[in-house]
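Written below as structure tokens is the structure these notes are about.
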Amino acid sequence: LTGVLDDCLCDIESIDDFNTFKIFPKIQKLQERDYFRYYKVNLKRPCPFWADDGHCSIKDCHVEPCPESKIPVGIKAGSSNKYSKAANNSKELEDCEQANKLGAVNSTLSNQSKEAFIDWARYDDSQDHFCELDDERSPDAQYVDLLLNPERYTGYKGPSAWRVWNSIYEENCFKPRSVYRPLNPLAPSRGGDDGESFYTWLEGLCLEKRVFYKLISGLHASINLHLCANYLLEETWGKPRWGPNVKEFTRRFDPAETKGEGPRRLKNLYFLYLIELRALSKVAPYFERAVVDLYTGNGHEDAESKALLLDIFRDTKSFHMHFDEKSMFAGDKKGAKSLKEEFRLHFKNISRIMDCVGCDKCRLWGKLQTQGLGTALKILFSEKEIQSLPENSPSKGFQLTRQEIVALVNAFGRLSTSIKELQNFKALLQQTR
């Protein structure tokens, strides 16, 4: 892969250098810190779209939840969008004030009405979400240590896995049923059509819908790359050896084996990297405020985590070839607003499809990476709100929960790793020639 990417003025070589020498080492370090390694997730939510296939019995699909005793006290104590020490201490006071405010509206309000007001406030808050968020208060939501449950090839494949991806592409990428994606095993045989009709259709779409498809394709390519790079190579005496599988990589991405489709998928991975990189540079002012602490209860570690995060933001701002999202949703106001809402709802649906993944480990990483991308989109479409944040008080216009922050950083960490692994596969392929 070389040269300039479509739909943005950026070349692949610049991204490779920037990622390898600046971003990758720092994001790896950040992901190892307590604030970012514990992710709360509900892996028991039922699939809302079709009858469950039952859970995968392959042992590598298993996710080991974290015992309560291992979770840092500050993470456990904090409610979903409290991430500073002050906020954790002021929770009761806030609840009290909330009750007073509701009482001040009309002292005869019933408890039921008060609950309804709080629900409306929550509903308003969810209007900018691109993802279906897990309810962290559900008894089925558990903390998972991401470092102990790495994303890798588990053996989960075949019709069940294909149904998930097919549902994502066919029903959520603005695509008519009559246009078939190249190499789709669930599509009827199309004779001589090698996918050109699909790309003719894609080129005819407006930028926003084309971007949507590229984001999903890039996410799919990134996940496939992780599986090729962390593959079970052999298991002797119960000791598994994981590593890069060149044959699997070639099967999924080689131009000859994929009829030219592989390189297109990898270009979409770079495109997705640029989108999430742009979101990180845009959200920096939110974290630069003193009121935001990456709170775990360990003051020294929290300060170090924040310093490292701000250092990464400085790097993201120094990269000059960002994707420019200002060209999106730039038509007449009414049309742009309706298209943006359609975009948001399509993506939200994709986040719900992740509850249909049969393998727990794949579901965990699918949910996390989808939520990370959803958070990036929420940031890109909230630029005005981020710029007008108050310096010393929690914001009302734009807010990130701890879950969104953890997902954003880890999802970008996965993309950074994908691009690094791609360099590794290039080197391995040169050795085998």
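Every residue gets a Cβ built from N, Cα and C, even glycine.
Listed in TrEMBL for this protein:
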type: DISULFID; residues: Cys56-Cys61; note: disulfide bond
type: BINDING; residues: Arg152, Thr154, Trp165, Ser217, His220, Arg252; note: FAD binding site
type: ACT_SITE; residues: Cys359; note: active site, nucleophile
type: DISULFID; residues: Cys359-Cys362; note: disulfide bond
type: ACT_SITE; residues: Cys362; note: active site
List nothing but the largest Cα to Cα distance in Å, as a whole number, among the residues Arg152, Thr154, Trp165, Ser217, His220, Arg252 that the record says bind FAD. 21
Winner by Cβ contact number (other Cβ atoms within 10 Å) across the binding-site residues Thr154, Ser217: Ser217
From the Cα of Cys61 (disulfide bond) across to the Cα of His220 (FAD binding site), what is the distance in angstrom? 18
Which residues, sitting 6 or more apart from Trp165 (FAD binding site) on the same chain, put a CB under 8 Å from its CB? His220
Nonlocal neighbours by CB distance (under 8 Å) for Arg152 (FAD binding site), same chain, sequence gap 6 or more: Asp60, His226, Leu227, Asn230, Tyr231, Leu232, Trp242, Lys361
Report the same-chain neighbours of Cys362 (disulfide bond): residues 6+ apart in sequence with Cβ closer than 8 Å to its Cβ, ordered by sequence. Cys61, Thr154, Tyr156, Ala161
For a quick check of understanding: among the binding-site residues His220, Arg252, which residue's Cβ has the most other Cβ atoms within 10 Å? Arg252
Fewest neighbouring Cβ atoms within 10 Å among the recorded positions Cys61, Cys359 goes to Cys61
Cα-Cα distance linking Cys359 (active site, nucleophile) and Ser217 (FAD binding site), given in Å to the nearest integer: 21
In whole Å, note down how far the CA of the residue listed as 'active site, nucleophile' lies from the CA of Arg252 (FAD binding site). 20
